[in-house]
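The block underneath contains the structure these notes are about, expressed in structure tokens.
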Amino acid sequence: MAESDWDTVTVLRKKGPTAAQAKSKQAILAAQRRGEDVETSKKWAAGQNKQHSITKNTAKLDRETEELHHDRVTLEVGKVIQRGRQSKGLTQKDLATKINEKPQVIADYESGRAIPNNQVLGKIERAIGLKLRGKDIGKPIEKGPKAK
């Protein structure tokens, strides 16, 4: 018990800097002066809540010299979506709600502005009951027996 005097204070734990303090310009400069590794990265699309990002290979797009654009949904597919939606008596908003997408997504697909996404196309196909992919575009989907 000789090492514990009444006058000395032993600090057992010391809190580190909070997240806000660690991000400050002052903290970054201090860490650089100490020679520590500092990693800075910018958040990408943080507040935009993007559900379906473009998954096409951008490096492949960069290597192409002739056409520097992604393929869009054809107008034929857009017209089929529009006809199928109207035959079911749905508005763009109703169809979007039914497939858990935003109304703007449906508008983009119908106008031919959207980059095709198989997941979204599959949901629209099931909702309107018409094929949108492959060679039989516009034909009704045959419903087979359910697998058990």
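The backbone N, Cα and C atoms fix where each Cβ goes, and this holds for glycine too.
The range from 81-88, 97-104 that Swiss-Prot describes as motif 'IQ motif' is residues 81-88. For the region 'Interaction with TBP and NR5A1' (69-108), residue counts in helix, strand and coil come to 26 helix, 0 strand, 14 coil, using DSSP. Cβ neighbour count for Lys25 (N6-methyllysine): 7 (other Cβ atoms within 10 Å of its Cβ, all protein chains included).
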